[in-house]
Amino acid sequence: MANQLSAEELKKKLSEMQFYVTQNRGTEPPFTGRLLHNKRDGVYHCLVCEAPLFHSHTKYDSGCGWPSFYQPVSKEAIRYIDDFSHGMQRVEIRCGNCDAHLGHVFPDGPQPTGERYCVNSASLAFSDEKNGDQLKG
């Protein structure tokens, strides 16, 4: 795993919500994330290590309150972990590069994959394809 910043360094770099989500497996409140309604063309990166995670053309409105994607940029971009917390059986997704918590993946997405990668905005940064502007969740 590439991210080896200390907890103190990450606390200085990230907002309280970003730290909570990425380092403590937290979840931001639904419909509050800065990147939920972003419709620009570009790439969504890990907020912690900047590794590319999702292309904008795989993003869709699932109605769940968090940015949703049907496919990551590569198999290596995401790490999958069985999650049995909160009395549920889910699959947690983490950054394949730095192990930051991103959200969960569910088998109820659209074709071509049938998967819904439900991702906290607070774990993402977005790079605009046209002008290079960056937005952080």
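A Cβ is built for glycine as well, from the same backbone N, Cα and C atoms used for every other residue.
These features come from Swiss-Prot:
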type	residues	note
DOMAIN	7-129	domain 'MsrB'
BINDING	C46, C49, C95, C98	Zn(2+) binding site
ACT_SITE	C118	active site, nucleophile
Item to check | Cα separation, the residue listed as 'active site, nucleophile' to C98 (Zn(2+) binding site) (Å, whole number) | outcome: 18
Item to check | Neighbour tally for C98 (Zn(2+) binding site), based on other Cβ positions within 10 Å of its Cβ | outcome: 19
Checklist entry - Least buried of the recorded positions C49, C95, C118, going by other Cβ atoms within 10 Å? => result C49
Checklist entry - Rounded to an integer, what is the Cα-Cα distance in Å between C118 (active site, nucleophile) and C95 (Zn(2+) binding site)? => result 13
Checklist entry - If you draw a 10 Å sphere on the Cβ of C46 (Zn(2+) binding site), how many other Cβ atoms land inside? => result 24
Item to check | Rounded mean pLDDT for the residues that make up the domain 'MsrB' (7-129) | outcome: 95
Checklist outcome for this item: Across the domain 'MsrB' (7-129), DSSP yields 28 helix, 40 strand, 55 coil
